[in-house]
Amino acid sequence: AAAAPGDLGRRGSRACGVCLGGRAGGGGHHHHYYYDTHTNTYYLRTFGHNTMDAVPRIDHYRHTAANLGEKLLRPSLAELHDELEKVRAPNARRLCLLLNSELQSSSDLPASDSPAAGMRGTCHHAQQSTISTYPICVLLLSQVRCMLNIWGVMLFIRLSWIVGQAGIGLSVLVIAMATIVTTITGLSTSAIATNGFVRGGGAYYLISRSLGPEFGGAIGLIFAFANAVAVAMYVVGFAETVVELLKEHSILMVDEINDIRIIGAITVVLLLGISVAGMEWEAKAQIVLLVILLLAIIDFVIGTFIPLESKKPKGFFSYKSEIFTENFGPDFRDEETFFSVFAIFFPAATGILAGANISGDLADPQSAIPKGTLLAILITTLVYIGIAVSVGSCVVRDATGNINDTITMELTNCSSAACKLNFDFSSCETTDCNYGLMNNFQVMSMVSGFAPLISAGIFSATLSSALASLVSAPKIFQALCKDNIYPAFQMFAKGYGKNNEPLRGYILTFLIALGFILIAELNVIAPIISNFFLASYALINFSVFHASLAKSPGWRPAFKYYNMWISLIGAILCCIVMFVINWWAALLTYVIVLGLYIYVTYKKPDVNWGSSTQALTYLSALQHSIRLSGVEDHVKNFRPQCLVMTGSPNSRPALLHLVHAFTKNVGLMVCGHVHMGPRRQAMKEISIDQAKYQRWLIKNKMKAFYAPVHADDLRDGTQYLMQAAGLGRMKPNTLVLGFKKDWLQTDIDAFDIQYGVVVIRLKEGLDISHLQGQGKSYVKEFFILKKYIKPKGPVAPLNVADQRLLEASTQFQKKQGKNTIDVWWLFDDGGLTLLIPYLLTTKKKWKDCKIRVFIGGKINRIDHDRRAMATLLSKFRIDFSDIMVLGDINTKPKKENITAFEEMIEPFRLHEDDKEQDIADKMKEDEPWRITDNELELYKTKTYRQIRLNELLKEHSSTANIIVMSLPVARKGGVSSALYMAWLEVLSRDLPPVLLVRGNHQSVLTFYS
């Protein structure tokens, strides 16, 4: 049923009361409003009935920091599924926006009366202030920047020389090869740019969000630096042209070098002013420069059709087939080769990311970057090829410039094009000439209809490239600093004004550019800059290949015209071109990228961008896990894979660190945590703890997994974990428990499913959770920082027992020194009792410890038993320092120790002989863990053995770092829980740390190869 307008208005005003601060009613008193999910009609219009369930809309999928609109939160599963109850109003912004969406239906009311009117004003204020776009054609801006950067000085000054050296045919091949590399990179850029919303940062943003912060951070820094130095390169190119003009008219200010510095410094200051003025001014300046550049190109084209007589001695004859034929093949001189010519030309093609670098200033980068970049590559390539063919068809390679070199009579042996056109430039073969494709860099000025326009074109090309780089570098650097990849540069993340302009970045870029302009030695740095750009292109191509290879469902580019293998070829081509341009600069680039990659990897920035590296890691782990599941276990590859019942991992640090010592980089370690109590509460705790404790393990460099489970009691929870933990072959095979003093039931279920068992006991205890409640305790300081730090301020004093417990909990994090690991291998369990100590000695903290082996034997066979064990250990290739054969294990223990044992078990005895039969039977049924008189007598020998072993342990192993001992096994149903626990208690009492180990009696050691 539809709600009445009045109803809707009342609901709207009530909800807006919450939105606007919860102040309602007279007198200005504070009221707490609550939100009833069944009486607020969020989606009444859509479904015709009250529901809180959200319909699909784009605002649910925005990031919090998105600047294209507000983020809307959909109702959580708990809000929809949990039992109905009065809950506090949801997030105010979400409520405002939801209501705003719905209350638009009341638009038929007068604006002032509409219940939505106030909401629209309040709730949409943020939206109006966050969306900011420039009044310029997005596609045009991206395309203009790319074209201006690709059409550089190369077009006007070096292209004619390249045609002279390589000929028309190979020049077109050079341009085509460069275009292949740039086109593949353009396709890859388009694919990444259309795979989701693109923010500011250009190449850095594209690479970091695809490959992760390691590669992104490395490339971002060198790419920003490359753009900053490129400003200096372009400005010096501009200054050199101006100084040449001044020199022609003999009006130099100081000398050539200093004039370049003066003009360069003035120019970069002016460019800085345009950049700081904002993107609107920069965009307008770029369009003006593009117009000048286009006019210069048109001027050249017109000039090629006007063969003035005055230009013929300089080698220009307009379009002639003879010149085209002669210039079609190569004529390399001065040790130039095809690849050296290619290396000179290729930097002209490195402007393809100019549009992507201002991605944050484009209203629709997903559309503008692909279209603008690819269209710019196409147009500039056609222009380069057209001008190369034109200049090669109009101008000869060598010309004297002397009008007297005309031929008046017809020669019979004419072979050169100039000769056929009645000019004799043969003198250039023996002397240096100043004109022609090979000798004059100003050929385009000479050919053009109006030479000053070509100079203007050169100015336009250099200044536009400098301006583009001056804008790109700060924006890339700002995006890098915002991500806090390099904390030292955090100050440059700050933006100013409505467009968040990186003024500090502009100043830094200006200073770097000015410094290199004043040095004026750019010939050395130029190849490094080109290689920096190429490294970025290589990684962009590799990003597409990597993302496609990872098969992540999130890789869904709207741009479909890419191929992962072509992208890989593009990445390889970029790397090859780096060496072609300059081999030492390529090596230096690799070293810098690798160094920055290692630094960022070591620092581990706390970011998660869903990179393809994560996707490929998952895919690789999945594929290897499946492959591993098809391989049968082999004794040579056995490794202890431990399910450690830690509870919350930080509550039993000694247990955690000891097991980690022999599983790190060897086997699986799963920290099991059984949550007991009400199911609903436990599920909430599990949901929170899963992420919390896994992060804690990673932060503390524990190579382990956290596995929580809900159960009615500890035994059930442990059974669930033993059955379900792990994946395929990556499943635990050993259960590790801390020694508990209050066990009443000790049925070892692990043996039923072929688990080995390890029980760890420290005489001080393992559980420090009762100390962690003290907010400023030693424990909190220690286990967060992993080193002992005295907390500031007052600390609750610890009693002696807690102090010892705290010290004991840290003992396995220290270097163990030159001591012993005593192995009491009394029963053959398959070798696990021996394997664990061996694995400990392979670790850095335990490597100085020696293994001593204790075995049982007979007095008259001690030497024989020792030799037999030494032979076995040598076959197992396990080093040991000593073997001791205990011939007196079965000696009766001391009387006082027997008495102490009897006193210990007294509270747990049934004493059925002293009670009526039916009373004794009832007690036995109700408390099956109690010790019967018959049982005590039956297992007297075994009891005495445990007491005697404790005496021997104190005698021989009281100074050991750790004792690893065979765990006694009791027959199920034969020995009561209390008696078995009494055996473990007396066996391990008052000793160094003890590991009671029992394998599953399948061999884990072998001496076969």
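Cβ coordinates come from backbone N, Cα and C, glycine included.
Feature annotations, courtesy of TrEMBL:
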DOMAIN    36-87  domain 'Amino acid permease N-terminal'
DOMAIN    143-643  domain 'Amino acid permease/ SLC12A'
DOMAIN    652-776  domain 'SLC12A transporter C-terminal'
DOMAIN    798-1009  domain 'SLC12A transporter C-terminal'
TRANSMEM  169-198  transmembrane segment
TRANSMEM  218-239  transmembrane segment
TRANSMEM  260-279  transmembrane segment
TRANSMEM  285-308  transmembrane segment
TRANSMEM  338-360  transmembrane segment
TRANSMEM  372-396  transmembrane segment
TRANSMEM  506-526  transmembrane segment
TRANSMEM  532-550  transmembrane segment
TRANSMEM  562-581  transmembrane segment
Close approaches to the transmembrane segment (532-550) from elsewhere in its chain (Cβ under 8 angstroms; 6 or more beyond its ends): 181-182, 184-185, 188-189, 191-192, 195, 203, 206-207, 210-211, 215, 219, 222-223, 225-226, 347, 350, 352-353, 562, 564-565, 567-568, 570-571, 574-575, 577-578, 581, 589-590, 593, 612-613, 615-616, 618-619
Secondary structure of the domain 'SLC12A transporter C-terminal' (652-776) by DSSP, residue by residue, totals 52 helix, 26 strand, 47 coil
Tertiary contacts of the transmembrane segment (169-198), defined by C-beta under 8 angstroms and 6+ residue spacing from its ends, are 63, 66, 68, 159, 162-163, 205-206, 209-210, 328-330, 338, 341-342, 345-346, 348-349, 352-353, 356, 359, 365-366, 369-370, 373-374, 377, 381, 384-385, 388-389, 392, 537, 540-541, 543-544, 547, 554-559, 561-562, 566-567, 569-570, 573-574, 577
Hey, which of 218-239, 260-279, 372-396, 562-581 has the most Cβ-Cβ pairs under 8 Å against the transmembrane segment (285-308)? 372-396
Please indicate, using numbers and ranges, the residues of the same chain that are 6 or more beyond the transmembrane segment (562-581) and have a C-beta under 8 Å from a C-beta there. 180-181, 184-185, 187-188, 190-191, 339, 342-343, 346-347, 527, 530-531, 534-535, 537-539, 541-542, 544-545, 548-549, 589
Quick one: average pLDDT across the domain 'Amino acid permease N-terminal' (36-87), no decimals. 59
